[in-house]
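A.B. asks: If you scroll down you'll find the structure; I have some questions about it.
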Amino acid sequence: MKLKDDDWFPTLTCSTSEKPELHQHNNSATSDEMPLVHYSDSESDSESTSSLRPSKKPRHSTGSGSSLPPLPASFHNLYASSTRVSVQDNPSLHGGRKRVIPHVEGNWPTHLYLEWYPGKDELSLLADVISQSGNVPDEKAPVVHSFLHSDLGAQLPLHISLSRPVVLRTEQRASFTEALQKAIHDSHVSSFYVQPDSLYWSSNYEKTRWFLVLGVQRPSNDGLNRLLKLSNDTLARFGQPPLYTTPPTHGQQTSVSLRDRSSRLSGEDFSKCFHISLAWCLSEPSPKERDRVVGIDLRGLKEIQVGFNSVKAKIGNIVGSIPLEKSP
């Protein structure tokens with residue numbers, strides 16, 4: 001496969017049959033413009049004056065890393081990782097992707113997820129895995145688009161989805177956010193870690209894109225299943241479909257209410273469904289490409305501890321963060 005970067009959120013189906021036996025992721029009514037930082041005249045004068053003074057001997061850092069402090073976690077909520085290019089469904093503007101949810105005035109695309117910004121060493125491991133999965137000497141092989149960086153080279157967050165792409169009306173946004181905040185607060189789910197344990201290809205619900213994903217182990221506090229149920233129950237109150245529901249069996253009525261379908265999640269384990277998407281392509285991977293992924297050495301990735309201490313709620317281009325309780 002050929003490699004290229006991209007940055008849209010995916011939400012996949014839960015197809016455990018596709019996972020190898022290795023036991024061990026905008027329409028908006030808001031603006032996308034970034035605020036400018038203004039400097040006072042006194043600051044400009046000070047800089048001009050200081051440039052006339054003799055420079056001091058530069059200091060040499062003895063450390064190997066950057067001396068700059070890390071950005072606060074809240075900084076990443078200020079700007080969406082993708083920008084709206086058009087309200088029309090024009091796949092040519094988005095690498096061939098088709099809009100899952102059509103743009104309708106007054107509708108707010110919504111996504112609930114857990115966010116992860118990999119460190120430098122972790123990014124290196126992930127990039128190597130993506131490179132190996134796409135390194136197929138075949139002209140017909142589909143182009144693989146990485147989720148690690150934007151087209152401009154900026155690092156992008158990875159995530160574990162807690163909802164499929166859904167839509168809220170303008171008047172529902174505040175009440176939905178309040179309901180989700182209360183549900184998470186009352187649940188007392190504490191922060192937790194997960195570890196990758198598998199690598200495989202999976203598709204979205206519409207079978208229009210395929211994703212290279214990392215499966216993760218079930219955390220000790222079962223935080224993923226607990227947060228999924230909270231998400232599904234809250235979305236059901238607003239008429240939205242849940243994520244990772246059990247499909248109806250043969251002969252069973254399919255006109256089951258969203259609330260009833262969500263209530264069946266109680267006590268069910270969807271640990272094998274949770275994943276972190278690393279890359280995507282528009283064509284279904286061939287058996288040869290799937291076999292290549294199965295054979296990739298994941299020992300380095302399996303040692304990574306991915307920590308989560310909040311739930312992200314992206315409504316339009318506004319990203320809210322709902323904190324989890326601190327671990328005891």
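Including glycine, each Cβ sits where the backbone N, Cα and C put it.
According to TrEMBL, the feature region 'Disordered' maps to 1-73, 241-260. Taken from TrEMBL, the feature active site, proton donor/acceptor covers His159, His275.
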A.B. asks: 10 Å Cβ neighbour count around His159 (active site, proton donor/acceptor)?
C.D. replies: 24
A.B. asks: Would you mind checking how many other C-beta atoms are within 10 angstroms of the C-beta on His275 (active site, proton donor/acceptor)?
C.D. replies: 25
